[in-house]
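Asks: According to TrEMBL, the record shows the following:
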{"type": "BINDING", "residues": "Gly14, Ser20, Ile21, Asp64, Val65, Ile92, Lys161, Ile190, Gly191, Ser192, Met193, Ala194", "note": "NAD(+) binding site"}
{"type": "BINDING", "residues": "Ala95", "note": "substrate binding site"}
Amino acid sequence: MSGILDGKRVLVTGVLMESSIAFHAAKLAQEQGAEIILTAFPRPTLTERIAKKLPKPAKVIELDVTNDQHLAGLADTVREELGSLDGVVHSIGFAPQDALGGNFLNTPFESVATAMHVSAYSLKSLTMACLPLMAEGGSVVGLTFDAQFAWPQYDWMGPAKAALEATSRYIARDLGKQNVRCNLISAGPIGSMAAKSIPGFSELASVWNHRSPLEWDMADPEPAGRGVVALLSDWFPKTTGEIIHVDGGLHAIGA
Ligand SMILES: NC(=O)c1ccc[n+]([C@@H]2O[C@H](COP(=O)([O-])OP(=O)(O)OC[C@H]3O[C@@H](n4cnc5c(N)ncnc54)[C@H](O)[C@@H]3O)[C@@H](O)[C@H]2O)c1
């Protein structure tokens, strides 16, 4: 059976639990014919355990996106395993507790800086770390939560996602000549570890129950994973700097 990622080699970050969007992107990518390699934070053992639930084995490499040594060694390690890359999935987000949950006006810059470093700047760091492996071009895909609006509880993750969205556009600008595309999936709320670490996240998510045109299931990360795989494929060959909503259509509804 042929798949839309046949012959493609893809690096997937962010597989932590089965509820991780990245787990579903990785699973679907393998099902669609890709060879994948995973990166893990904070510990490879956790990701290795979850990786056993994937359809095929996948090597796991430790990667803290704020660690320059990890980033510097990434291309060589991936080259040994896969030779080159056609795609990179950035599925990484983090903000300290005092940057979330209604503390927006009192959050110290140190915590804001951490949120920005891990959640936004890392799209650039990861892309550049993988660029030597994408000599033939490639597709970088990240995950955002619509940064056009101020949401309850989301606090400094909001500006971090706005920075991620802008960073994606600038990567698209600067790497287009090398045929490297950079796009984001703007996902609706999913009950992952990252979401559960946001105090009051269920209040935010409940908006989807009455405003989303399509029924939204917070327990199902697969639609977001499908969006990621579509952007990794050759079916969006001239799309870059784009944000595609996989949010049940809520972004289109005013009230
Ligand atoms: N869950 C949602 O409602 C939702 C909605 C829209 C977008 N997103 C985004 O999707 C992406 C994946 O999140 P998820 O919901 O699957 O949750 P998740 O908790 O499963 O994934 C977050 C990942 O970020 C990784 N990470 C954190 N700090 C890191 C670091 N320093 N270096 C490398 N990796 C690091 C964690 O290891 C984890 O795998 C994030 O960018 C998140 O903001 C999530």
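The count begins at 1 with the first shown residue.
Cβ from N, Cα, C; glycine included.
Looking at the shown structure, what environment does each listed feature sit in?
Replies: Secondary structure from DSSP puts Ile21 (NAD(+) binding site) in a helix.
Long-range C-beta contacts of Ala95 (substrate binding site), restricted to its own chain and to partners at least six residues apart, with a cutoff below 8 Å, comprise Ser111, Thr114, Ala115, Val118, Ser119, Asp155, Trp156, Met157, Ala160.
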Asks: If you check the binding-site residues Ile21, Ala95, Lys161, Gly191, Met193 one by one, which have a CB less than 6 Å away from any atom of ligand 1?
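Replies: Correct list: Ile21, Met193.
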Asks: Take the Cβ of Gly191 (NAD(+) binding site) and count every other Cβ within 10 Å, whichever protein chain it belongs to.
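Replies: Step by step: centre on the Cβ of Gly191 (NAD(+) binding site), count other Cβ atoms within 10 Å, giving 16.
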Asks: Across the record's NAD(+)-binding residues Gly14, Ser20, Ile21, Asp64, Val65, Ile92, Lys161, Ile190, Gly191, Ser192, Met193, Ala194, the largest CA-CA distance in angstrom?
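Replies: Between the most distant Cα atoms of the NAD(+) site, 23 Å.
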Asks: Which residues, sitting 6 or more apart from Lys161 (NAD(+) binding site) on the same chain, put a CB under 8 Å from its CB?
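Replies: For Lys161 (NAD(+) binding site), the qualifying residues are Gly93, Ser119, Ala120, Thr144, Phe145, Asp146, Ala147.
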Asks: At a 10 Å cut-off from the C-beta of Ile21 (NAD(+) binding site), count the other C-beta atoms across all protein chains.
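Replies: So the Cβ neighbour count for Ile21 (NAD(+) binding site) comes to 26.
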